[in-house]
Amino acid sequence: MSLLIRGATVVTHEESYPADVLCVDGLIRAIGPNLEPPTDCEILDGSGQYLMPGGIDPHTHMQLPFMGTVASEDFFSGTAAGLAGGTTSIIDFVIPNPQQSLLEAFHTWRGWAQKSASDYGFHVAITWWSEQVAEEMGELVAKHGVNSFKHFMAYKNAIMAADDTLVASFERCLQLGAVPTVHAENGELVYHLQKKLLAQGMTGPEAHPLSRPSQVEGEAASRAIRIAETIGTPLYVVHISSREALDEITYARAKGQPVYGEVLPGHLLLDDSVYRDPDWATAAGYVMSPPFRPREHQEALWRGLQSGNLHTTATDHCCFCAEQKAMGRDDFSRIPNGTAGIEDRMAVLWDAGVNSGRLSMHEFVALTSTNTAKIFNLFPRKGAIRVGADADLVLWDPQGTRTLSAQTHHQRVDFNIFEGRTVRGVPSHTISQGKVLWADGDLRRRGRGGAVCGTAGVSVGVRGAGATRRTAAPDARSALRPLGLLRSPSPASQI
């Protein structure tokens, strides 16, 4: 099975140049001018378009059991929507219940993911601590290719990891060469503020951002960063939404600490006024955590991307329909937290970032694909256009337009946080494993994707929109071999 993309401009995180790209058996076989197609080769005309690495979304929650319900998007529908938006790989989250075996939860999620339309991998959440958890973390790294563990510093009385769990788990991550990640919100403060607001009679969505002010994110980010600094492990902070949290990351990185930050397009574009919409269902549709914030935080986040102190863009794609959101009609703290975004992430970032001059094309590639691949040790197998890399590509039409709407999107949810926004710059074709799965509005994927596992240890040479930062990866990485891969893993980047 072969595919030749002709006449496009190849755009990577470092350079752009005109070239043909030949894909054979799921890999990039050749790059150059005027390539000759092999027999029975599909030819795709890329004239006037950019050929970029397929998007990698490092933060999704498909069919997540959460807050008394289950997210409406399953692994097939969610990854199919991702293909429609140019995303060819996701990293989802295994979230065990407290006291549940990590391995048991991992196999449950892995079973759900078998129907994925594109490639996938997993972070595993640490929701409790014991010697069993420590042992199973080791098995997940050694036998199942897991190389990152998530810690929720929020959601008290549910999945929140207290400081003793953070310390123990970060230490274990260091031993294994895995990357600890955190949802940085002070869960005790959030719980206190929720109860206080409810006692004052504030029950609607407008209370949601008041219960999770930027200070609770800044405090938690600071605490996680200091714990990681003391233990000596890298740290990845998910969905940064506030100036305070960004300041903590910036300060740590200025001292040479390997801390990486993730941002969502919604936090770059939307503000907290959405929670004051007079229509309850509309306001509730925006409820996620951390919440959307006052406009000054958005400008700070753009500066974080431009300075290289924020490194990836994700979606935290976790869909709940209006009927599910209505579970919190009389108590905002019971509104299921989550919004969609996997289909819109890349187009929104291109339109708001590249078209506005805030980001270059190369920075766009880094933020949507390459940096995630580097941090989670999938580079150069993914996030790159080079011979031997996976043929996961997106052919991007810089003049194409799309109006974002729940009426037309492929996400399995009845709400779109970008409703009515028209973007310029969209994927015309999405290619996964060398096959065209999205073509000018036609979703061709009906089969299965495959598991994508990294090697343990944070990669190096991660580039944000600013200068490259070089950080040593844990030595344990070289002793670990991922299993369950579609193809042999490539070594971590050493640029």
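Just so it is clear, glycine is given a Cβ too, placed from its N, Cα and C backbone atoms.
Of the listed candidates (Lys115, Lys143, Lys150), Swiss-Prot assigns Lys150 to the same Zn(2+) 2 site as His183, His239.
Of the residues Ser116, Ser118, Ser289, Ser369, Swiss-Prot puts just one in the substrate site with Tyr155, Asn337: Ser289.
Swiss-Prot names His59, His61, Lys150 as Zn(2+) 1 ligands; from the candidate set Asp279, Asp316, Asp330, the record adds Asp316 to that same site. Listed in sequence order, the residues Thr60, Asp92, Phe93, His123, His183, Val238, His239, Ala314, His317, Cys318 complete the 8 Å Cβ shell around the Zn(2+) 1 site centroid, once His59, His61, Lys150, Asp316 themselves are left out.
Under 8 Å, Cβ to Cβ, and six or more positions away along its own chain, Asp316 (Zn(2+) 1 binding site) finds His59, Thr60, His61, Val238, His239, Leu264, Met288, Gly338, Thr339, Gly341. In this structure, the binding-site residues His59, His61, Lys150, His183 were compared by how many other Cβ atoms lie within 10 Å of their Cβ, and the smallest count belongs to His61. Other residues of the same chain near the Zn(2+) 2 site, with their Cβ within 8 Å of the Cβ centroid of Lys150, His183, His239, are His59, His151, Phe152, Thr181, Val182, Ala184, Val237, Val238, Asp316. Cβ atoms within 8 Å of the centroid of the Cβ atoms of Tyr155, Ser289, Asn337 (the substrate site) belong to the same-chain residues Met67, Ala154, His183, Glu185, Met288, site residues excluded. Around the Cβ of Tyr155 (substrate binding site), the number of neighbouring Cβ atoms within 10 Å comes to 19. Secondary structure from DSSP puts His59 (Zn(2+) 1 binding site) in a beta strand. Separating the Cα atoms of Asn337 (substrate binding site) and Lys150 (Zn(2+) 1 binding site) is a whole-number distance of 17 Å.
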